[in-house]
């Protein structure tokens, strides 16, 4: 049986962490691509030398040539300018559209059948741009956002309630930004809803509201602390979870920025937006779940924000 090939476009902090996790989980051979001369090759050599220690036997190589994307089963895109202190994800729009054009054309010409995961910000717009330039079908391209945002939500809830994070199931929908929608109605601790915990006095409403707010600004909090970069351990872990579900046909239902068809969640057009999504060997399948009226209103705000950025992206492309 042929080994799978995972290509990571962007060999920075997230790309390097993705590569290490892919090796540890024995998902397949790894290619690290970056435009920086020598950097992906150096990281690949370093990672290759972990294999005897980790007890794994896979190939890792670095490259500056898009031809090396050929026959990739999975491509995870992190290439682009990262956030800096005081910078919103949306500030990155113009710069990273150009990056997505170059990367998209590289995918189109070398691995059009690959399963593509986009991590570059602003996420919901970049995955749209990446599809535009790559031509990858709706079911084979997805954005990583909700898995990360939900993990942050779960972490903050577990810390507040002093319980195992494994006991906390919490979900975030909508765009990957300030308008994201943490679903307090669906989320629970060992089967007990957050609403019930509030009623019982085990979780104060003001603390829940603060956790929701902190989740929305979770990425910015890390950027402010690091000062010279943005999060990479958790984003990489989220991307690998999605890739593993595809490669192993696990059919996990994860919150992701999938191409949601008009009619679902009140959409009047097809749109990449974060919703519960099944990821299998066939690709992605958005799922519609019941949400409260308040959450639906919040989701609409998030949808409108994504549409506005898509319009801004279209204007940039038209220049």
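Backbone N, Cα and C define each Cβ position, glycine as well.
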Additional site residue, 29, 34, 138 [criterion: listed by Swiss-Prot with 10, 11, 12, 13, 14, 15, 96, 119, 120, 121 for NAD(+)]: 34
Neighbour count (Cβ, 10 Å) for residue 176 (active site, proton acceptor): 28
Cα-Cα distance, maximum over 10, 11, 12, 13, 14, 15, 34, 96, 119, 120, 121, record's NAD(+) binders, Å: 17
Which of 10, 12, the listed binding-site residues, has fewest other Cβ atoms within 10 Å: 12
Other CB atoms, at most 10 A from the CB of residue 34 (NAD(+) binding site): 22
Cβ neighbour count within 10 Å of residue 119 (NAD(+) binding site): 29
